[in-house]
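Copied from Swiss-Prot, the annotated features are:
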{"type": "COMPBIAS", "residues": "72-83", "note": "compositional bias 'Basic residues'"}
{"type": "DOMAIN", "residues": "398-473", "note": "domain 'S1 motif 4'"}
{"type": "DOMAIN", "residues": "1236-1307", "note": "domain 'S1 motif 13'"}
{"type": "COMPBIAS", "residues": "1348-1367", "note": "compositional bias 'Acidic residues'"}
{"type": "COMPBIAS", "residues": "1390-1400", "note": "compositional bias 'Acidic residues'"}
{"type": "MOD_RES", "residues": "Thr1391", "note": "phosphothreonine"}
{"type": "MOD_RES", "residues": "Ser1394", "note": "phosphoserine"}
{"type": "COMPBIAS", "residues": "1412-1421", "note": "compositional bias 'Acidic residues'"}
{"type": "MOD_RES", "residues": "Ser1684", "note": "phosphoserine"}
{"type": "MOD_RES", "residues": "Ser1686", "note": "phosphoserine"}
Amino acid sequence: MAGNKRKRSNASEGSDSQGNERISSLSANEATQDFPRGGASSLTPLEYKEAVLEAKKDFMESASGTAELSKKTRPKKKGSKKSSKSELDNEENLKVHIQSLRYKNITPGSLILGQIAQINTLDLAVSLPNCLTGYVPITNISDKLSDRLDSIDNHAEDNAATEEEDGLNQIPDLMDLYKVGQWVRVSVTALGSENTTKTGKRHIELSLKPQDANGSAPEAADFVAGSMIQAVVSSIEDHGIVFDIGINNYTGFLSKKHINDFPFVEGQSLLCSVISKEDRIFHLSLTATSTKALEVMPSVQAILPGDYINVLVTDIKESGVIAKYMGVVDVTSDIYHSSPVKGEDLEDKFQLAKSVPARVLFVIPGDPPKIAVSFLPHVLTFNFATPNTPHPDQLDIGFIVNAAKVTYVSSSLGVFCDVGVPEISGFAHISRLSDKKVAGISPNSGPYKVDSTHEARIINYSYVDNLYILSFQQSVLNQQFLRIEDIEVGQFVDGTIAKLIPQGIVVTISEGINGLVPSTHMADIALQFPERRFKVGSSVKCRVLSTNVLRKRVLLTLKKSLLNTDLPLIYDYEQATPGTQTVGTLARIFEDGAIVEFYNSVRAFLPVSEMSEAYIRDAREHFKVGQTLSVTIVSCDPENRKMRVGCREQSWDAKRLERFENIKAGSVLSGIVLQKTEDSVIVDLGDKVTGVITLGQLCDGDLNKCSKVMNKLRASTKLAEVLVLRKDTSKKLISLSLKKSLVEAAKENRMPINITDLKEGIKYFGFVRNATTFGVFVEFCDGLVALVPKAYISEEYVPVPSAVYKPQQSVTCVCLSVELSQEKAFMSFKPLAQKQEKAVEFMESKYDIDNPVDETIKKTYDYVAGKITWAVVTSAKASQLNVDLAANVHGRVDVSEVFDNFGEIVDPNKPLKRFHKGDKIRVRVLGIHDSRNHKFLPISHRVSPKQFLELSVRPSILNMEPFSMKEPQFKKGDEVTGFVNNVSKECVWVSLTPSVNGRIPILDLTTDVKELNSLQKHFFLGKAIKCYVVNAEDSITLSAIGPLQGFENLTPGSRLVGKVTNVNEAGAILQLPGHMSGRVSRIDMFDDYDILPETKFTRNNLVGVCVLSVDVPNRKVALSARNSRTQSQPVEIKDKEINSVDDLKIGDICRGFVCNVANQGLFVTIGHNLIARVKIGELFDTFIKDWKPHFHVNQLVKGSIVGIDNDSKRIEMSLKQSKIKDSSEITKTFADIAVGSNLDGTVVKVGDYGVLIRIDGTDNIVGLCHKSEIADAVVLNISKLYSSGDKVRAHVLDVDSEKRRIALGLKSSYFDSDSDISMSDNEEDVEMRSEDQSDTSESEVGSKDDVQSEEVENLESAGDEDEEEEPSALQANGFDWTDGSTVFDKLADDTEDSEDEEDEEPKRKKSKSDRFDDEEKDLDEIPSTAADFERQLLSSPNSSLLWISYMAYHLNLNELQEAREVGKRALSTINYREEDEKLNVWMALLNLEVAYGTEDSLKEVFKEACAYCDALIVYEKLCGILIKGGKVDLADEYMQLMLKNFKQVPSVWIQYATFLLNNDKAEKAHGLLERSLQSLPKSEHVGIIEKFAILEFKNGDPERGRTIFEGLLSSYPKRLDLWNVLIDMEMKQDDPSIVRRLFQRLLALNLSTKKAKFAFKKWLAYEKNIGDDEGAEQVKRRAIEYVSESHSEN
């Protein structure tokens, strides 16, 4: 670059002195900095830019002058012409031209910033700069979307029938992927015409694929923070979106916090902003992450459309602005994008040499590339994924602007106009100014000068340019339609026939808009030769049926019935109102109706019953598709887009409606025949009310006689007597009959209308409704039907009733019986054996009454609803009174029908206590009590002695006049009285009335937990409960503790009962009455913090609580379960309740739970919203550098209050033992410590000199154990043996009373002489073992460290070491720490093999393993104290057995969290090579969480275990643990996960199938085989099928196993191994016949001699085993025959 600048200075020697001075100084400066140090320039940026501009100007002037001089004076020489041309080219190349995007200068590979203007079915229309439009085919959006389209295409070819059923096999809707106005970066892929004709429009094909839109060969280095990048949604994850950015080995990631509810779809291509780059991941955003422009790009190729950059203005012209980026890259902005105000003087807006922000608009490839930028505000500030907000005054396309004022004229482009919309201008291209050719335009003269006004029409809108595209052409102004959106449904349009096609007629409506007249809409009748009636080029008047903007389709009609109708048009479901009459076209016809189509694809269903007044059997026989009908809307459901119409007259006047209402079924009327159809007669009954007589109802004879009657009838024939059979009020249909037998019966009032009219033993006239195999159905009036059973049809046997009795046939029958409760009646065609009168008398005798209590009652049917009578109590039960109304009439009084309100009840536990046997009581009859179903039934027929009466003695019922049987209506908040009738675990059911029950949830029963824990004892049958209605919509829900339970009704101090729904170490969530929930924090669970939550708070447990506070707006309730809060009697409080700072004073000792472990210290919750801070210096009496491992969240700590700030409510706390110890806790003083004694202590510091130990039970007395006294062997690294916080036992070596110093020793030899180990104060109840069982010799520690590296090397070189056998029952409180023996234990079958291998190991290896014999003995005998465990772990840190035993030790002490911590320590301590040892610890942790943890904690441990161990083994082990623990459902979930993640492993399928079959889920297991075959390779198919078959034999259905094996053998008949397995399975089924058949089939195959010998030998062994000697002999004979036959063949 320095060389170039020196060249420029030399070329400008002829310029003015000032310019020379500047250039020379710049050159001198550059000459001194060819190799600058640090890259800093001595010029300021502004001075540097001014110098560059001045140098460029002088160079251009000098170059121009030299060229002119050489051209005039230099003589022509050979080659001078070429030289001159080269100089002109150089001069032209130096000029920077303002780039506008035109079709001519676009090349494939050009990158452009655009906005989506239109979304079509198969492509996107993208608005480009300079009023251009390009199209992105659906195949150019992304590779992922293209692959999906390919799969859809392949699926359609394979199985077209299922394509509609599978939603995944439908073409994606681009409307779900993009929005109009959304910004995108596109790459030009092809240029051409939409069709091959000369008038074809220019077509620009674009691509949104990242590999195209991010440059030809995008590299990761080209994108920096703030760069724009086009990315494709690759997958949608829980934490964000993964993108494909088109760069190999790099991906993009959009965090969930940057999503902002944007709808993401896989395969979607979006424009994003780069936030940062980490490793191979670009962090993206959909919004601008910074308002700061990009100052520097990695390279020129990195500049892409959409990038927000700062450019330096170098030149301002009338047509635009020229600028530089980074001082070397030329960029331009044309008049479209230089200023939003067209006609504005650009020199007033831009200043030379000033840096301004701009956004890159397009990049056209070249050398150098042509780069354009935009300064328009809406381009600078856009959001990438969401469209810009439309202008509130935006005009529609097609709108005519009466006075568009010209504001700027571009002689080469056109004119810019003010259309009256702020911030949006209009632009009319020069070709759109007039229908005639415009030679030229000028801003100062002519018809299109500045400030001239014109009538203009908006023909489009350019999103990127923010311009309306205008046309001044008169032809466009006069054009009726510009777009399909301008065409209204139902509108009349004039068009010209363009062509005739098989589907119909294509009509040109306007320029570029065609419509189709379907063949069914050419005329009201079907045309065989439409070309004779319609000629191409002729004008037609049409009506618009529907429009589809997306598919660009307009449907028209030429039907005269639709063109000339004056009826209202239906083009929207919302517009359709019942009763409206309109015209429609039949689109489809079915047997039971038809689909009628109106305008805008609105459709309705026309039932066959609404097609005509006459009966129509099949609509297809009377109507044709395309037929026009006048219909009336019957009903419409706009929400579900359903409509029902009818052809029958729907509008009835009052007189006609009154006539219809007065006609009753069973009445006899007169009428006049209106018309006849093929099989019916329509009769006028007066006032335009009509009825229908079907053919079979014309007479009592058969169909032939009925047809003769039909032939005699004529229109206007008077019918004197017709019977009304049925009346359908909803359809306004009346069915009539002319059968004389029915008419006469109706006239004599012997025609039954409802089932109560039927009397047993009475003869009735009817007609056959239907004949079936079991009897004949007889119909009477109003649809009443009775059954004649097959046995009562005739005296003779009738095998097929339908052969004798035909529909509509007249019959006479006798009533056998009537079942009113089931509304059934039975008839007989047989004659009565006795006279009818005797039969009636016999029937009446059934209702005789015997010795009634009320002597006014004569018959049982005198007991009707509302009857007040007397009854005698026979027994008083808990929930009802049993009474007698007569000797043969009984009843009951339900307890809910005794009292009017709860106040009348003397003893709620025994409400019926005042009633005694023999009491005579006044009762009122309510109905019938169905004792079988325990239901209340109203009285709808005569009461018989067999029925049980439902009675009432409630005063309000006895005094009710007039009596009404209306059920009481319950509403929310009502006070009611309920009587217990049933008790379940979740609720108590109470009776409110004999027929209405209510439900009281268990939490709404009482606030006494004891009562709820023994429901049956306190809520027994019949108990009265005062309740309040909570919900009465679907079922009645009640509450016995208050009227309306809600957050507003809760008050602090209220005592409730809650049901535990979730519990963890921080607290518990409880369900409260009234569907509320509350939280009990850890400090509010107990008055003693030592009690674990699990002792009281387990899921579904009931707990008494007290309300502490209620946050009504946020629906939060704080609760307390402390006994001091929930119980009235005083209780012992160990940890007092602290409610405010006022409850504390400095020096108070209190306990709390750690809520945060921060870098500054601990934060401890000690009360309600009270958190105390513990500084690091207040944690321990001595300094401990790594203090965090000593604390964890929810840990219980004890401390002393050292500071209180009442104003800020801040509390300071100290955990130092010296500040919180009571005098009673200090058991030793300095004087009590004697030389030679053994003491327990805690390591407080480890240094090079030794270990500092704080002695337990003292006032912070610390002793020193010198490094020489740590172990009997030399210890090189003390920190490997001890760390701060370790519990140790030390021997006192020396005591210096003056200096208060104590010398201690930790050597194991100091403890050898002790025959009895003293116990610490806190371990008095723990039985200690003798010295040879409890302590591992400390001398072993040093020796093992010395040989550790040697042993590791030997182990690695020798291969696998002997495996330790896992303990089978390391238990704590009955808890098995191992995974036990399950179907997933892969090593179970190899135990004996491994033992054999151990015996064969070389002696060298065995001698090496002998080194660990002592350690094994120690591990087998588990230590008893934490100190013992810590000592042994020093010598055996890799022993999983010891670590698990340590966990069990803590669990025995109910220290659940400590057990977890030990497990975590074990995982971090055990050497990474000891994979089996680590796996054992993981299994122990999983066992722990399964037994004591939650599902969330189990899931967390499981995920960690999968990350560090073989995931498949962890899955199998966990499933085995869950199965053994009885958690089958959870095991099923994890098995399904295992199957999903390891579906290529055959054993996983077998394990899951085994589990399902063992747990009675055979149907689910049967589907696994087919699924496994789809996932496993073909080489595994035979094996997996065989194993599934074996499973069926062992655990499932043996028959299914046989079927599977038979399928295998049909494919592999000579696979002896398959035959062998099948025979083995059948041998276990104990059916010798099946086994023998299998052997016979096997030997019938062409087997080799060796295979046949094997088969005979196996068969013979089987016969001997089952003890069948004859069978064995037969096998031998068969073998001899087989051998002889084989020899003869050979």
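Backbone N, Cα and C define each Cβ position, glycine as well.
As a summary of secondary structure, the domain 'S1 motif 4' (398-473) carries 3 helix, 36 strand, 37 coil according to DSSP. Counting every protein chain shown, the Cβ of Ser1684 (phosphoserine) has 10 other Cβ atoms within 10 Å. Ser1686 (phosphoserine): 13 other CB atoms within 10 A of its CB, across all protein chains.
Per-residue confidence over the domain 'S1 motif 13' (1236-1307) averages out at a pLDDT of 87. DSSP classifies Ser1686 (phosphoserine) as helix under the three-state reduction.
Counted with DSSP, the domain 'S1 motif 13' (1236-1307) comes out as 6 helix, 35 strand, 31 coil.
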